[in-house]
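Down below is the structure, laid out as structure tokens.
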Amino acid sequence: MKECFRIPTTGAFGDPIDENPSGAMMEAGFRSTGLNWRYQLFRVAACDLQDGLDGIRALGFSGLNLTIPHKITAVSYMEGLSESAALIGAINTILVKEGKLHGENTDGKGFVIGLRENGIFLAGKRLVILGAGGAARAISVECALAGAVHLTIINRTEEKGRELAALITENTSCTAEFIKWVEKVSIPACDILVNATNIGLYPDKSLPDIDYDTINQNMVVQDIITNPAYTPFLQKAGERGAHILDGQSMLIYQGALAVELWTGRKPDPEAMRMALIESFT
Ligand code: NDP
């Protein structure tokens, strides 16, 4: 049998993307399944998304991840969507199958698995989510499907926040309300507070403008930003005694689910975690 020198290629589109740490982690995931696949980062501006997607189809990519600012706009270019991606209205993963683009969302599922791996289960929990973008939508839908009982969405743009709260209330057994983000907004009583905005994403060093005195030691506070892992937001929440969690486990498990979708093989999350930690040092 002739040897095949063509290496299956995958990657991610985003803008900004240069500081995205996923490459080494995803290739470690492939290696842990015995596959020598590639994962490349591509800086693709919002206005170039359609050309970029035509490109991956033409070049025979096996799969693609999407990050800011493409998660919501990419939905309209898909030829198929998973059920939860359709509900979320945003995708972070594309499977290219027989030249067709199928959209999936592994962000929220990765978030839920990450909490579970830290001993936190969503049944009966009340959450407050800062943000209503692609990641916030995925997290909200998957937490509601995993048994959370109430979500409070706090967002700067009223329309997006209201729409997300309505999506949850109308499509799941969880209730949701919207609070408009005002200066030093108070965090309502909850079990889990999540920063799902991009405030604090490298090189930004700013803090979500909330009243940090409304955070207490009974709360789990998670930032989904991974670069830096220990954000100023987590530092402030930690000072108030909250149980803090960084964005790494969500990143690892959303990536592991994408590797499985593209290859049909389950990667080793520990190998992915080690590669991620190494790429930060
Ligand atoms: P989007 O652009 O879709 O959404 C960004 C959200 O942040 C919006 O709700 C936006 O509010 C809000 N926001 C941005 N700047 C401000 C500000 N100055 N004040 C108040 N709100 C603000 O991005 P994504 O949802 O795709 O990603 C959000 C973050 O999550 C990124 O940092 C990304 O790196 C991280 N992420 C981490 C993952 C992980 O695995 N750990 C996975 C996916 C994402 P508005 O609606 O008003 O514009």
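Sequential numbering from 1, following the chain as shown.
Backbone N, Cα and C atoms are what each Cβ position is placed from, and that goes for glycine too.
TrEMBL labels come from automatic prediction, so no person has curated them.
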**Message:** Quick check: of Thr67, Thr73, Thr231, Thr263, which does TrEMBL put in the same shikimate site as Asn92, Asp107, Gln254?
**Reply:** Thr67
**Request:** Please work out which residue of Asn155, Thr157 has the most C-beta neighbours within 10 angstroms of its C-beta, and give that one of the binding-site residues.
**Result:** Asn155
**Request:** Sort out the residues at least 6 away from either end of the domain 'SDH C-terminal' (250-276), same chain, that have Cβ-Cβ distances under 8 Å to it, and list them.
**Result:** 10, 21-22, 24-35, 37, 62-63, 65, 92-93, 95, 104, 106-107, 109-111, 113-114, 117, 222, 224, 226
**Request:** Quick one: pull the CA-CA distance for Gly134 (NADP(+) binding site) versus Gln254 (shikimate binding site), whole Å only.
**Result:** 14
**Request:** Select the most exposed residue of Ala132, Ile224, where exposure means the fewest other Cβ atoms within 10 Å, treating these as the binding-site residues.
**Result:** Ala132
**Complete:** Within the same chain, the residues at least 6 apart in sequence whose Cβ is under 8 angstroms from that of Lys71 (active site, proton acceptor) are Ala90, Ile91, Asn92, Gly133, Gly134, Ala135
**Complete:** Between the two most distant Cα atoms of the shikimate-binding residues Thr67, Asn92, Asp107, Gln254, the distance in Å is 12
